[in-house]
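Written out below as structure tokens is the structure these notes cover.
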Amino acid sequence: MLGKSQFDDLFEKMSRKVAGHTSRRGFIGRVGTAVAGVALVPLLPVDRRGRVSRANAAESAGDPRGKWKPQDNDVQSCDYWRHCSIDGNICDCSGGSLTSCPPGTKLASSSWVASCYNPTDKQSYLISYRDCCGANVSGRCACLNTEGELPVYRPEFGNDIIWCFGAEDDAMTYHCTISPIVGKAS
């Protein structure tokens, strides 16, 4: 076993050897590269196709949402497949449609997105939820669906935010939400 002084001598010799063969700038550059690389990890693409099968397979007795099955018949129903992540009122019940606001309301320029599964063609689609603003809440067809919802620190996937701050003419009062298809998600 090495004594204390032998250990100190060995460590000092190795430290001096490493210091003699490397520069401070090189070390700082490598640390900077590592920090930048770690910061860029959240920007990498992620394959979430497995989430659809897990979401549809979830059958929880304590969770009423566990039995939620998307359907493709009644667009004014909360379980219509495009409404998988809607948190608000469906515009189709207020004189609008899946893609247009009711008369007297303005379309907000901001949106949030979700990937919803269509049971008819067994495909997932990217839905861009946009709020219609400028009239009082209709109260008809109110839905609280949270399929694929993420916490508020990812606001582009957050359905708890009222997105009327981008509407024309300062129409800040929420009325309903439309759900147009952006494209295929998978």
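Backbone N, Cα and C define each Cβ position, glycine as well.
Listed features, source Swiss-Prot:
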- 1-57: signal peptide (SIGNAL)
- Cys78-Cys143: disulfide bond (DISULFID)
- Cys84-Cys116: disulfide bond (DISULFID)
- Cys91-Cys176: disulfide bond (DISULFID)
- Cys93-Cys141: disulfide bond (DISULFID)
- Cys101-Cys132: disulfide bond (DISULFID)
- Trp112: tryptophylquinone (MOD_RES)
- Cys133-Cys164: disulfide bond (DISULFID)
Entry from the disulfide-bonded residues list Cys84, Cys164 having the most other CB atoms no farther than 10 A: Cys84
Those disulfide-bonded residues of Cys78, Cys91, Cys164 having Cα within 10 angstroms of Cys141 (disulfide bond): Cys78, Cys91
Residue from Cys101, Cys133, Cys176 whose C-alpha is spatially nearest that of Cys78 (disulfide bond), among the disulfide-bonded residues: Cys176
Secondary structure at Cys91 (disulfide bond), reduced by DSSP to three states: helix
Cys78 (disulfide bond) in three-state DSSP notation: coil
Closest of Cys91, Cys93, Cys143, Cys176 to Cys133 (disulfide bond), Cα positions, disulfide-bonded residues only: Cys176
Residue among disulfide-bonded residues Cys93, Cys101, Cys132 with Cα closest to the Cα of Trp112 (tryptophylquinone): Cys132
In three-state DSSP terms, the structure that Cys164 (disulfide bond) belongs to: helix
Inter-residue Cα distance where the pair is Cys101 (disulfide bond) and Cys91 (disulfide bond), in Å: 6
Site of maximum Cβ density within 10 Å, from disulfide-bonded residues Cys78, Cys91, Cys133: Cys91
Within 10 angstroms of Cys101 (disulfide bond), Cα basis - disulfide-bonded residues out of Cys84, Cys116, Cys143, Cys164: none
Sparsest-packed of the listed disulfide-bonded residues (Cys93, Cys132, Cys141) - C-beta count within 10 angstroms: Cys93
Candidate disulfide-bonded residues Cys84, Cys116, Cys132, Cys164, Cys176, pick with smallest Cα gap to Cys93 (disulfide bond): Cys176
